[in-house]
Every structure is written in C-alpha cells, then in structure tokens.
C-alpha cells in the first residue's frame, strides 16, 4: 500500500514539475538581451567622466587640483599651467579609469563645473593602459549639464586692465593700528 502511494506522489510531482517548466518557458523574460535592448538608466546615473568647455569654447578647468585631492582612490592627476592672459589651465589632465569608482566626488569638488559624469558606462577594454584617458580623450565640445555657468564671469580673472572697485554697500576695512589702545 505504501509503495503505491509513493508511486502516485512521484507521478504527480513529475507532472507538476513539467507543468511549471512549461509555464516558465513561454512566459515573458525577466532579463533583457543587453546589446540588443538598451538599458534604461536613471537621470542621475554616474558614468564616465568628461571635461567640458564654457560658452566661448575655452576649457572650464582651471587646474585647481580639488578634483585630485577629493578623489578617494587617487585616479586623477594634472599639472597647472598659465596662459598669456593669466588664465590657468591644465597642461595635462589624466584619469585612470581602471581605478575610478565613479563616486562623483570630483564633480562635486569642481568649482568651475568642468568635470561632469555622463551616462556612458561601456568602457571595458583588454589592456589596462587603454583605460588611462588623457585630456584630449576627456574634453567634449559643449558645456555639458550647466550651459549658462561661466566661472570667469562670476569670480573674475586677473587681467592687467581689470581693476577692483568698491561696492556701495561694502564697508571700509578696519585698520588694526587704529583700534589698538
């Protein structure tokens, strides 16, 4: 009697398994075939780093080195140089994407909005040396996310013919010698 009961339980179990496999075989897929179907990324997705230009077409980067200091893995290196007008620019700007963790700290630290993270994530390569991007690889032709922001219009730049004038609401600086007893 026990053997007959086990036999029917095993038969029912087999049919149930075949039914479940058949239902899953013809149902909608949960996974997407990646190269054929593009992934939908969030608007705040942090992908590859790019260097942007201002509205005049100049590089926004002033080589302040804040991005390299704020990078937790130290994948950014640059060297500051100065042109004839007194404007700073990076002589070289290098990012090692094999070390980059795409945290966005460099983008937050950049005062000129020169560094921006875009939604490009397809960066795999066979050689690590090909993942070291130079300034020419990183520079894009447009302003990126912040189209109207111009660092030099806000902060100024040292030009020989530019002078600083006092504002009407600004108080005169206090002289330390006059307040001493």
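Just so it is clear, glycine is given a Cβ too, placed from its N, Cα and C backbone atoms.
Keep in mind that what you see is a predicted model, and the values were worked out from it rather than measured.
What Swiss-Prot records for this protein:
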| type | residues | note |
| --- | --- | --- |
| DOMAIN | 52-81 | domain '4Fe-4S ferredoxin-type 1' |
| BINDING | 61, 64, 67, 110 | [4Fe-4S] cluster 1 binding site |
| BINDING | 71, 100, 103, 106 | [4Fe-4S] cluster 2 binding site |
| DOMAIN | 91-120 | domain '4Fe-4S ferredoxin-type 2' |
Whole-number mean of pLDDT values that fall within the domain '4Fe-4S ferredoxin-type 1' (52-81): 92
Environment of 61, 64, 67, 110, the listed [4Fe-4S] cluster 1 site - residues of the same chain whose CB lies within 8 A of the CB centroid: 62, 63, 65, 66, 78, 106, 109, 111, 112, 114, 115
For the [4Fe-4S] cluster 2 site built from 71, 100, 103, 106, further residues of that chain with CB within 8 A of the site's CB center: 49, 67, 70, 72, 73, 75, 76, 101, 102, 104, 105
Structural state census, the domain '4Fe-4S ferredoxin-type 2' (91-120) (DSSP three-state): 5 helix, 9 strand, 16 coil
Spatially closest candidate among 61, 64, 110, the listed binding-site residues, to residue 71 ([4Fe-4S] cluster 2 binding site) (Cα to Cα): 110
Cα-to-Cα gap, residue 110 ([4Fe-4S] cluster 1 binding site) vs residue 100 ([4Fe-4S] cluster 2 binding site), nearest whole Å: 16
